[in-house]
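Some notes on the structure that comes next.
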């Protein structure tokens, strides 16, 4: 594992050197890689949940490790457990914590990595990926907190981030969960844990807000130049720009486009982020920070699961509007790079922001059409889609199971939770006749063959998601000393959520819907 740290080329105000951190030791990766027993079965290194007093590796995402060119057996070693809990550092590296601000529920605050440190960046092909430890102790940005994390929220982020990856939605990833051997005190005494998070970067809208407040236009320009080179390098290619183009306007367009697609992808699978603050919007376009997030069971536009979202600011239906609002603050930071004349820059920002909802709806409608198995575009498509969504809400239907039962004739809708009333209603049967007529148009116009729609639906309607009860039951079991079997089973299943196999069918048929009063907590 050879790590870089290109963030150190940015203005020093944007990060902390962790000079006051006491490291217990250093890990020599060259020596460690030679010592690892290549025949060791990594499963034998599973942590003992009842043991206290020492660090240990609970779980490694072995597929992700291999994709990154890492040996999973290395990550299960005691030496790496010390690194991945923030006790030891890798020889030759200088970890940092990053500074950023954030509009939290509409109010701007100074934030930063209060419980996370960036070990460095690993080269993965032609790009860099960040390796960050979440829950590894205090930094200068901890604001009175202990900088630690408990097992439950780390398991939650591991499962849901990997579920999102399996669904094909842009997301940070989870490489490992390690136990610290220490207790963490929250609402109760809990097991301490650290998540190793992998991200294309940890640059947020809030990072730009911090740069604007701290260093003005010059620091914003430095950060924008870095972000373009890291995430949108093709903007700089000669064939993609003219002498009159402005790379910062194009940069903003790219970020806006990725966020519009991301939120459309979220909503297509019923995902509710729960805390869409500006510090939780990544410039890369990846989903980041899985605090009080959840997947919607019963379809309701105003669904809120987060215990801290009392007013429903981040409800399911509000996510596009909040996304646009967050992007307006990115534009605010970039406006003086759009044009030397501030007023002209503001007009450019306003014009670009006005495109967001059109772009979002284009992505969202495209996803919904795929979910019901129609191609191309017809005048009444939007009405057909909204009639279905209106019925889902009227009959309090389960969102995921509705599309699942529509996709697979071999599944009995009566064995799936929350859709019986919808499927047996005359209203839904009449709507299905309209859908059949619309699909016939695709065949008549040579957009599809007779059964193509089934394959399209199978590619866009998951058999399973990381349902709230599934995740909560696993966390509860682990907190009470259970083994890893159910965690491993679910994590494995979530890698292939579109497959109709025995494990996925078993999980899909569980009666595990959550009441509308169910609440999630921002423990990560």
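Cβ atoms are placed via backbone N, Cα and C, with glycine included.
Owing to the predicted nature of the structure, the values given are computational and were not obtained by experimental measurement.
Pulled from TrEMBL, these are the features on record:
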- 279: active site, proton acceptor (ACT_SITE)
- 112, 114, 115, 134, 146, 147, 197, 204, 289: ATP binding site (BINDING)
- 280, 289: Mg(2+) binding site (BINDING)
Residue 280 (Mg(2+) binding site): nearby binding-site residues from 112, 115, 146, 197, 289, Cα cut-off 10 Å: 289
Cβ neighbours of residue 197 (ATP binding site) where a neighbour is any other Cβ within 10 Å: 27
Candidate with the highest Cβ count within 10 Å, taken from the binding-site residues 146, 289: 289
CB within-chain contacts under 8 A for residue 112 (ATP binding site), separation at least 6: 16, 97, 98, 99, 100, 139, 140, 141
Integer Å distance between the CA atoms belonging to residue 279 (active site, proton acceptor) and residue 197 (ATP binding site): 16
Count of other CB atoms lying within 10 Å of the CB belonging to residue 280 (Mg(2+) binding site): 23
Integer Å distance between the CA atoms belonging to residue 279 (active site, proton acceptor) and residue 146 (ATP binding site): 20
Listed in sequence order, residues with CB under 8 A of the residue listed as 'active site, proton acceptor' and six or more positions away: 100, 101, 102, 103, 104, 111, 204, 205, 206, 289
Under 8 Å by Cβ from residue 115 (ATP binding site), counting only residues of that chain that are 6 or more apart: 134, 135, 136, 137, 138, 139, 142, 145, 146, 147, 148, 149
